[in-house]
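S.K.: The structure's right below; bear with me while I get my questions together.
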Amino acid sequence: MKISRQAYADMYGPTTGDRIRLGDTELWVEIEHDHTHYGEEVKFGGGKVIRDGMGQSQRCDDAVMDTVITNAVIIDWWGIIKADVGLKNGRIAAIGKSGNPDTQPDIDIIIGPGTEIIAGEGQILTAGGVDTHVHYICPQQVDEALMSGLTTMIGGGTGPATGSVATTHTPGPWHLGKMMQAVDDLPINIGFLGKGSASTPEALEQQIKAGAMSLKIHEDWGAAPASISNALDVADRYDIQVAIHADSLNESGFVQDTLEAFKDRCIHTYHTEGAGGGHAPDIIVACAMPNVLPSSTNPTRPYTINTVDEHLDMLMGCHHLDPNIPEDVAFADSRIRRETIAAEDILHDMGVISMMSSDSQAMGRIGEVVCRTWQTAHKMRVQRGLLPEDEALGADNFRAKRYIAKYTINPAITHGISHEVGSIEVGKFADLVLWKPPFFGVKPSIILKGGMIAGAAMGDPNAAISTPQPVHYRRMFGALGKAVSATRMTFVSQAAMNTGLEEKLGLKSQLVACKNVRQVRKCDMKLNDACPVLTVDPQTYEVHADGVLLTCEPATELPLAQRYHLF
C-alpha cells in the first residue's frame, strides 16, 4: 500500500527528504534520516497502533520505557532526524524505533502497559536550553526561562541587591548556601558563579568549596590582570570555569593585557561584542583566541534599527550610573558601537562566537535566549544567503545545527556539564522541549524536566477539553511537590561534593559536579570553533576578519516577534 507524502506527513509527520519551515523565519531544514520502518509506524489514539497486542507489548516495567515520544523531528547539533525517543528513570534511554518486538521487526524501544506516550508527530524535539549568564534577581525568572525552552540556568546573584543587579555573582559561603537552599524546589537546573575578583586565592577557594561551580570576574568589582590570573590559577586547581566581564574603561590595562593574563588558559568571555561590557572598543578580538570560549548576550541579538537606542538607558540602570554625571554617560556611550554590534551578527554566522545567553534583567531578557538566537539566524539567512556547508543540500541544516549548538551543547561543554545536559543523547538527563513548527523558537508546546512534563501551553482548566482559550503557560505536575527535586539538579564543583554539602545544607535535589572543564578549548565548541584574525579600527570601530570587513544592515522587521505575542 502506498500513500502520498502529504498524507504520510499528516498522519506520522514529515520523513526523510521533507522540509520544515522554522516558525515564520526564512529557515528551512530537511530531514536527513528517519528511524521508522515504513508500514510499522506507531501512533497513539482510537483505532491507532499503540494498543494491547499491537504496538504495545505485554512486557513489565524493567523492559519497557516510562515514556515514548513518537515520530518527532529531532534538531540537535549532531543532526536533523526523525525518530522515537524513549525515556526511562528521567533519562534518555534510546533514540530509534519504538513498538512491540513480539509483533514488529527491529524494535529499539519497547512500549508496554507501563509506558506513557507523548505524540511527537509533526512536532520538533530539541534539548532544553542552557543559559550561562543569568543574574539571579528574582525567582520568577525561572518560569520565564522554563516556558521559553530553557532548562538550565548558570549565573549568580542573591535577589535584587545592587551587586546582583549589576554583576552575576553569588558571593561568599553564606549567600551560596542560602541560595542553594532557595532554589532546591525550583523546576530548573541551576549553577552558581562565585565572585572571582580577588588577587589572592583563599576567598575564592572558600566559595568553590561552598558550592560555586564557576568563578566570575566583573569590572564593577575589578577585572585587573592580577585578579584574572589569580582566578584562573584557582580554577586550574579545582577544575572549574572562569567567566569574565572585562575592563570597559581600560583602567588596569588594554585588551592585550587581559589576553596575556589568560596565559592560554580557557576562559568564558561574556558578551564578547562589548555592548554588555569589556574593553572598549576592541574586546571583540578575544573571539579569535583558541583558548577563549566566547558568548553573546541577547540584547544585541540581532542588530536592528532599535538596538542602539535601547541600550543606553538599560546600561545606566544596570550598572548604577548617574545620568547627571558626564563621566558616567561617557562610560555608557563607550560600550555601545553600531559597528561591533553589526559584526557580531556575522561572527555568529561564521561560527566565531560560540554561545548565546541572556544577561537576565541586567540588560538581557531570559525568556528570549531561544528566539533571539533564531532571529539572528534568520537575519543572516536573508542577508548572507545559504552557508557554504548548506549549498549542496539547498536547505539550512548546517546553519540550524550551528545556531542550536549556541544555547545547548556549547554552554554545557564550557561549564563542564555536557555529560548531563545540552543535547539529545542516550544517557543524558531528559530535559527536552517539544515545538509545533509554526511556533518553533518562540512558543514551545511541552517542556520536560528529568523526563516529566514541567510546563506546557495549557488551555482553560475548567474547559471540557485541554485546548480552549485562554491558552497560556502553566506549571505542570513535574514542577510541583517532591517531583521537582527528583527531576532537577544543582551543579557544583567536585570540591564542594567532597565536603558533604548536600547533607550539610539539607538539600533534596541531586548535586552534580562539573568536570573536564580546564581542558576545553575553542576547538571543542560544536560547529562554532572558527578563529579568524580579528582587528578593530580604534577610530571607526570597523571590524575585519582575515582582512574582510564585517558589516551588515540593521533589520527593520524580525520573525518570531509581534505576531506571536498579540494575546
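Including glycine, each Cβ sits where the backbone N, Cα and C put it.
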S.K.: To which of Asp359, Asp390, Asp396, Asp431 does Swiss-Prot also attribute binding of Ni(2+) 1 at the site defined by His133, His135, Lys216?
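M.R.: Matched candidate out of Asp359, Asp390, Asp396, Asp431, per Swiss-Prot for Ni(2+) 1 with His133, His135, Lys216: Asp359.
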S.K.: Out of His245, His311, which is the one Swiss-Prot records at the Ni(2+) 2 site of Lys216, His271?
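M.R.: Record source Swiss-Prot; matching candidate: His245.
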S.K.: Out of His133, His135, His218, point to the one nearest His271 (Ni(2+) 2 binding site) in space (Cα versus Cα); all of them are binding-site residues in the record.
M.R.: His133
S.K.: Which secondary structure state does DSSP assign to Asp359 (Ni(2+) 1 binding site), in the simple three-class scheme?
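M.R.: Its secondary structure by DSSP: coil.
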S.K.: Determine which residues of this chain, when His133, His135, Lys216, Asp359 are set aside, have a Cβ within 8 Å of the centroid of the Ni(2+) 1 site's Cβ atoms, and list them as they appear in the sequence.
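M.R.: Along the chain, the qualifying residues are Val134, Gly155, Gly156, Thr167, Thr168, Leu193, Ala243, His245, Tyr270, Thr297, Ser357, Ser358, Ser360, Ala362, Gly364.
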S.K.: Quick one: which residues besides Lys216, His245, His271 have a Cβ within 8 Å of the Ni(2+) 2 site's Cβ centroid, in sequence order?
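M.R.: Surrounding the site, in chain order, are His133, Thr167, Thr168, Ile217, His218, Ala243, Ile244, Ala246, Thr269, Tyr270, Gly276, Gly277, Gly278.
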S.K.: Give me the Cα-Cα distance between His135 (Ni(2+) 1 binding site) and His245 (Ni(2+) 2 binding site), rounded to a whole Å.
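M.R.: Between the Cα atoms of His135 (Ni(2+) 1 binding site) and His245 (Ni(2+) 2 binding site), the distance comes to 13 Å.
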S.K.: Can you check what DSSP calls His271 (Ni(2+) 2 binding site), collapsed to helix, strand or coil?
M.R.: coil
